[in-house]
Ligand SMILES: Nc1ccn([C@@H]2O[C@H](COP(=O)(O)OP(=O)(O)OP(=O)(O)O)[C@@H](O)[C@H]2O)c(=O)n1
Ligand SMILES: C[C@](O)(CO)[C@H](O)COP(=O)(O)O
């Protein structure tokens, strides 16, 4: 298994109030914290999709992260991922797509994903939702799906390379809020492993206190 990690770091951080990937937490940019969580992993290719490519490149040098390619971020997350996929090397067999804004990813989660990937071609981490979820339109509840069947999707989302390339080539990503959705729309099975409650996405400044 030769893994490429595509780090989605091309967002604008509107809810955070600035480009959160570059925000210094404990004197280090958020996206560097996230990349460093993968340092014990065997990653064959690291691709970062980011808006300010030169700035990101300089920071990668400063924090001695070698061999990373920075590609342009896109208007939507899926556009950033598409740019990342276009930069994949021929020898890569599997792709991990991870939010730069999820700095609490752990080695044990990655190990679970890798194990599942040996059996399945598409695997993502999920956690059960704690609340009762309502489908609402015009302030009126349309449905209350069975909570036991509801899970929140996390990243890294992991795929055999041919499948994720096919999904991004064939499926219109409009309204797709994660990568797994494109594979689902292709009609292919996506399997899950237990995610981790700490593996949150830093969305607003209040979330910074949850970085471990
Ligand atoms: N055009 C985009 C939009 C998002 N992302 C990345 O996707 C992840 C999840 O997105 P989100 O938390 O929504 O980040 P932002 O888009 O930066 O936040 P906001 O929606 O508040 O602007 C982040 O790591 C973000 O950098 C990306 O690579 N390219
Ligand atoms: C991909 C993702 O992290 C799965 O939970 C999430 O959907 C991305 O968040 P966004 O706010 O929709 O960019």
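Including glycine, each Cβ sits where the backbone N, Cα and C put it.
What TrEMBL annotates here:
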type	residues	note
SITE	15	site 'Transition state stabilizer'
SITE	20	site 'Transition state stabilizer'
SITE	147	site 'Positions MEP for the nucleophilic attack'
SITE	201	site 'Positions MEP for the nucleophilic attack'
From 20, 147, 201, which recorded sites have a C-beta atom under 6 Å away from some atom of ligand 2? 201
Do any residues at least six apart in sequence from residue 147 (site 'Positions MEP for the nucleophilic attack'), in the same chain, have a Cβ closer than 8 Å to its Cβ, and if so which, in order? 128, 129, 132, 133
Checking the recorded sites 15, 147, 201: which ones have Cβ within under 6 Å of ligand 1? 15, 201
Hey, does DSSP put residue 15 (site 'Transition state stabilizer') in a helix, a strand, or just coil? coil
Looking only at DSSP and grouping its letters into three states, which state does residue 201 (site 'Positions MEP for the nucleophilic attack') belong to? coil
Reduced DSSP state (H/G/I helix, E/B strand, rest coil) at residue 147 (site 'Positions MEP for the nucleophilic attack') is helix
